[in-house]
């Protein structure tokens, strides 16, 4: 059902849970029927209601029991059994299906503003000949899913056919694939019409799409452009085994042919009532569906769903408004094969097509180099986009982006625009006439024919992009560590692009602890070119600070006092404050203990650095590279010249430290020691302070309000110390375990 059971394995016969084999075919049939009903109920709770009532293991046990029973009694297997969702045969082609009730498209309102809803409401009122003072028309407002329209035909309560929209008159039979979609019931409860065609949308959730693409990348296979194309491709597979591995979902939103089993069949009266009935029959219906009175509530719905759009677990490209009364729908009728009683009110497109005019490199505040596509301006996601990220060199090469290519650009909400992929010649993709919106070349999302196929042949002699060897900002060497995908500037403190982050890191409490030097002040200092390097902090004067915005003389003096106080520090804090990649607090303390002197660290080779506790090849290389840059050494010397100082010592032998090799966890509030002070004492004694309790933990130090870490320690039998026990441990005396 969940992660514990893959669809690809559901058709294999299993002997793990042999059937209890009740005697008598009637008893066997009853057992099989009960198992099917139970499994269908559990699957509905899990996939449709999202409220599972049993663990996956229980579902798996019942499923395998049903498999075993059906294997022993194959004459009792029915098409609607949960075991029959994936069929083994691979088809030669898809069979055309003529829709008994045409799957007509809904007119699209291209005005994405509030006036789009007002225009639709005005047309409806005009067609109904309503006077100005008539009550508002009642509508149903729904999300417009960005997926593949589907018709599900049930006869006698069993799914017998699933067909794509096609041209509205003739689609394709994809029953073998749709059966694998767990949200679509294979059978319906008693009392449904004899013939029931349910219309809806097959789609792929964003999280499922991301996971699918990650699996494709891991296998070295082609990735998908967007969830809609992934869903459409999965539905049209000839091998249902492949479709079963693609995580598809379904929403119902309407009906096609309905033939009541007898007089007195369901008479909905309203579109909303029909949706409620579909939910009762076991079909998923979007939670956002609501009744709206008149244009004002349509506008409010459009705005609310638009604001929530990026938080939804699936893609939508607009909302749909439908007159709620079915009688009024019949009165309004159709025009040029589109219903007058419904409209799709779009949002600004989130994916568009444009051309790459160049590829630049940006340097981020942590030194990461990011290739950025310079684009022909395109309106996407509500703004004009001229640049889009390509993430890193490996992603750029995987997508095979070159200057001059036509590319798909995506922007959702506040997310940085990105190049999704190149539109190759003959890819079967197109843009709608009069826009840059990407659609399938065969048919667009709303059934209209696109006018501009993509793309032309790639321009000859366009070289592949190469990452620069020197930082485009400061000229420092560009490096990429083994196993890393990102290239980085090694300039560190010297690089202007990294300056703000470097200053904030240097000033933080666990580094140089410069009180009052926050983000807003640093922004002014760096952007106003008041400081260019870290030593410039210690050259600040009262006049240069007092002239800044919101900086009175007293506040300026407080900052100067804090700077002066910070000059007296420790070697570990100073090392941490330098912002060397991969060197955190603990590593800085290990370096300080091991070498004792800064000059020894600066002059150490990689092999010497590898002798430090918990320093591996990546960290050692990062430290060596940092101090190999002359400008980084210059910054260090200038800081010393400004009066930054600390006590140096002889190199410590780690084995002589009293707590060398021990792992200690802190939890709760100690009576007199703060957490940072306790951590410093432990690390100075050679202990490693961990954030979680495991079997490798030697002691847990617990204070007031200790939580789950204390419970975990007691469960594992790990000694628990109070503050007195900690102090005894630090003195080398036997601690009194059991405190706290």
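Using the three backbone atoms N, Cα and C, a Cβ is placed for every residue, glycine included.
Per Swiss-Prot, active site, N6-AMP-lysine intermediate is recorded for 144, and the stated evidence type is sequence analysis. Under the heading NAD(+) binding site, Swiss-Prot lists 56, 57, 58, 59, 60, 105, 106, 142, 165, 201, 322, 346, citing sequence analysis as support. Per Swiss-Prot, Zn(2+) binding site is recorded for 471, 474, 489, 495. Among the features that Swiss-Prot reports, domain 'BRCT' is placed at 654-740. The region 'Disordered' feature in Swiss-Prot is assigned to 1-20.
Helix, strand and coil residue tallies for the domain 'BRCT' (654-740), in that order: 31 helix, 16 strand, 40 coil [DSSP].
Candidate recorded positions: 58, 106, 144, 165. Nearest to residue 474 (Zn(2+) binding site) by Cα distance: 144. Residue 474 (Zn(2+) binding site) falls outside any helix or strand according to DSSP and counts as coil. In this structure, the C-alpha atom of residue 165 (NAD(+) binding site) lies 57 angstrom from that of residue 495 (Zn(2+) binding site). Across the binding-site residues listed here (106, 474, 489), the residue whose Cβ sits among the most other Cβ atoms within 10 Å is 489.
Of 144, 471, 489, 495, all annotated as recorded positions, the residue with the shortest Cα distance to residue 322 (NAD(+) binding site) is 144. Annotation note: residue 58 (NAD(+) binding site) sits in a helical segment as assigned by DSSP. Cα-Cα distance from the residue listed as 'active site, N6-AMP-lysine intermediate' to residue 106 (NAD(+) binding site): 11 Å (rounded to the nearest whole number). Here the CA atom of residue 58 (NAD(+) binding site) lies 58 Å from the CA atom of residue 495 (Zn(2+) binding site).
Distance from the CA of residue 106 (NAD(+) binding site) to the CA of residue 471 (Zn(2+) binding site) is 53 Å.
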